[in-house]
Ligand code: INS
């Protein structure tokens, strides 16, 4: 018999577990990972203010912190575990290669897409240079306007955020104009925006689609929650299908069991790096 839920939520053949089991943000004080995730978001949602983001941008977007090739930065991800992610309990380097390989299987002709998969989380290197986990990892959302219903833990986590009492920032449009475009929206500070800005600063030749995937892959309240559409312009809506195509691999290839052979895969991806973002980069 036809199961209609399959039509509503097509399950990618490569998903490493049933899709309903991904992104489980239910609260369970006895579950080690759930508590880790909940605490991180509560701290993020309490401290992520307009002023905080301005200050972090001013510091990080000087790109004067260190120099490294993209492959060196990818390798650094073997020292990093994302505490915001309920679906991953292994170093982030594995997730980068899993995402890229998932894309490569279904889009073998699109090197730029595969490379976007490999590097999309490398901005988490922020944490290895002093940024806390709560302003490095996790889903992102705009600051300077009201938080949308689909933001995880929305009901309980923003109560102590000072912007909740701000006369402008606490309104639907906040400091933005209708349909101003996401490029004019200030996102919560974290690895997405940082990686995007590092790529731009170092003059990548990756196409716009890849840059959108990297910049907004953690903006779940938008690409999966359907919120914040009132801030989007035509370009954002044109790019949304690409961000969603990316999201399939980003989310459903996550597994702690079947880990990629990083050494064996490195030469293939080094060639893509040499094509789109070569040399020593400023971070
Ligand atoms: C993902 C996603 C996850 C988050 C990760 C991030 O894109 O937003 O929910 O835990 O840090 O890289």
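Each Cβ is built from the backbone N, Cα and C atoms, and glycine gets one as well.
Whatever TrEMBL says is automated annotation, not expert-curated.
Cβ contacts within 10 Å of residue 23 (substrate binding site), excluding its own Cβ and spanning all protein chains shown: 16. Feature annotation from TrEMBL assigns substrate binding site to 23, 82, 83, 84, 124, 138, 139, 217, 218.
In the three-state DSSP scheme, residue 120 (Fe cation binding site) is classed as coil. The Fe cation binding site annotation in TrEMBL covers 95, 120, 121, 191, 217, 250.
Here the CA atom of residue 124 (substrate binding site) lies 5 Å from the CA atom of residue 191 (Fe cation binding site).
According to DSSP, residue 95 (Fe cation binding site) sits within a helical segment.
Ranked by CA distance from residue 139 (substrate binding site), the binding-site residues 95, 120, 121, 217, 250 have 217 at the top as the closest.
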